[in-house]
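Step one of this worksheet: look at the structure below.
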Amino acid sequence: MLLMMIDNYDSFTYNVVQYLGELGAEVKVIRNDEMTIAQIEALNPERIVVSPGPCTPSEAGVSIEAILHFAGKLPILGVCLGHQSIGQAFGGDVVRARQVMHGKTSPVHHRDLGVFTGLNNPLTVTRYHSLVVKRETLPDCLEVTAWTAHEDGSVDEIMGLRHKTLNIEGVQFHPESILTEQGHELFANFLKQTGGRR
């Protein structure tokens, strides 16, 4: 199965590639400014992963265009910047996080849906980000699948989202980090998804 990894010039990209390869995926990595949508389509990928990166979704090359073009055609997973790109592609706002996270772990609560199916709840994850998708601006077509919580249990920041009808999901944290629990299992759940629609 050919998996296209859109690399947003991030040092973590090849850690993600390694995890996916260990799970049996054939991964082709392209930089976010290396190919047009037509060139990507010509390679006939079965699924796409949009990588983390040091920039904002607006600066992530072909990432948003690829999400919108392939939406409904094949499964798409966004990691960190890729997650934010999904949020922005469908109309959400990406804003400064309340607190910058650089290699910090957090317990994340989830709805046992999609890539989170069967994972620990809460799940300990590793976060490297200064931006988040603003919950109040999430469009109707997207739903929150995972979040950090305030002390009273209310939702703090979005840590996972997915499209309500299409096979498109994002995670704000880094499943490929050694300190994230069940990272392989999360990616394995993505690799089980087929087709563009749920």
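Just so it is clear, glycine is given a Cβ too, placed from its N, Cα and C backbone atoms.
Cβ neighbours of Cys80 (active site, nucleophile) (same chain, under 8 Å, six or more residues apart in sequence): Phe12, Ser51, Pro52, Gly53, Tyr128, His129, Val171, Gln172, Phe173, His174. The annotation active site, nucleophile is assigned in Swiss-Prot to Cys80 on the grounds of sequence analysis.
Its Cβ placed at the centre, His174 (active site, for GATase activity) has 22 other Cβ atoms within 10 Å. According to DSSP, His174 (active site, for GATase activity) sits in a coil region rather than a helix or strand. The feature active site, for GATase activity is assigned by Swiss-Prot to His174 (among others), with sequence analysis given as support.
The active site, for GATase activity annotation in Swiss-Prot covers Glu176 (among others). With a cut-off of 8 Å between CB atoms and residues at least 6 apart in sequence, the same chain places Phe12, Asn15, Val16, Gln18, Tyr19, Val79, Gly183, Phe187 near Glu176 (active site, for GATase activity), listed in sequence order.
Around Ser130 (L-glutamine binding site), the C-beta neighbours below 8 angstroms that are at least 6 residues distant in the chain are Arg96, Ala97, Val100, Met101. Here Swiss-Prot flags Gly53, Pro54, Cys55, Gln84, Ser130, Leu131 as L-glutamine binding site.
Here Swiss-Prot flags 2-198 as domain 'Glutamine amidotransferase type-1', drawing on sequence analysis.
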Segment-level pLDDT (mean, integer) for the domain 'Glutamine amidotransferase type-1' (2-198): 96
Specify the count of other C-beta atoms within 10 Å of the C-beta of Gly53 (L-glutamine binding site). 26
Close in space but at least six residues away in sequence, with Cβ under 8 Å from that of Cys55 (L-glutamine binding site), the same-chain residues are Asn8, Tyr9, Leu81
DSSP state at Gln84 (L-glutamine binding site), helix/strand/coil: helix
Using the CB centroid of Gly53, Pro54, Cys55, Gln84, Ser130, Leu131 as the L-glutamine site centre, which other residues of the same chain sit with their CB within 8 A? Pro52, Thr56, Pro57, Ala60, Cys80, Leu81, His129
